[in-house]
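**Student:** Right, I'll just put the structure down here and ask away after.
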């Protein structure tokens, strides 16, 4: 673990997660807040939000950023995805911790920027996730679990090294579609979290943590279930416990060169 900590590529990856998260939150949440602005001078604010447009903004931004920084950090951009890859023994514990910190800080920074740009909006929630009227905490939790499960399942399948020849370069696009699909499912029920860092940034800046636990517990349960389903039922991995522990402590041996800053030894969100 200490060996990975000393490498420049490790810190480049952490910075990549931080910067990409800022862009992701700014683009995606900004697209949702934009519906409150009038397009013409005779229109009033408070237009009906177009769920399809917002879902596509979230999905396409993930697909674009996965292509942009996937070769540097893997472009997780989501603590639930990071947890899933950790439980799947594809990244080290240290990398997972630093990624989640970078993602959360990046989300906060992006939300602060959005807060300044959209300060004239009345009742600006900054994309705060909340349960819709009539949706209880159990139902909201279930929606978040299912939405995240399908996302992490897609990530595990598209980043499976055994499938690289089959997938080509379509991995980021598939993951982007999965994010959009999750929003089409969940946006009317919970505002669609499926990303604890995205939910955390809005809650911190608005000082509103009502039902916030749902947007951490749900995605983490969904991620764990996705790993259980993919790694132990659909596509079992042959690596033994010793190899898995080595990954947790030292990183993915096949993907990371821990003894030299080899520019080619990176894990990618897209197949190589």
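Placement of Cβ uses the backbone N, Cα and C atoms for every residue, glycine included.
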**Student:** Does the record from Swiss-Prot show residue 128 and residue 234 on the same side of the membrane?
**Tutor:** no
**Student:** Please find, within the list 136-155, 236-255, the residue stretch that Swiss-Prot describes as transmembrane segment.
**Tutor:** 136-155
**Student:** Apart from its near flanks, which chain residues at least 6 from the ends of the transmembrane segment (49-67) lie with a Cβ under 8 angstroms of it?
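**Tutor:** For the transmembrane segment (49-67), the sequence-distant neighbours (Cβ-Cβ under 8 Å, at least 6 residues beyond its ends) are 20, 23-24, 27-28, 31-32, 35, 75, 77, 171-173, 175-181, 183-184, 187-188, 192, 269-270.
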**Student:** Taking a Cβ cut-off under 8 Å, which residues six or more beyond the ends of the topological domain 'Cytoplasmic' (85-92) line up next to it in the same chain?
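**Tutor:** For the topological domain 'Cytoplasmic' (85-92), the nonlocal Cβ contacts are 1, 4, 74, 76, 99, 155-156, 159, 223-224, 227, 230-231, 237, 239, 243-244, 247-252, 255, 267.
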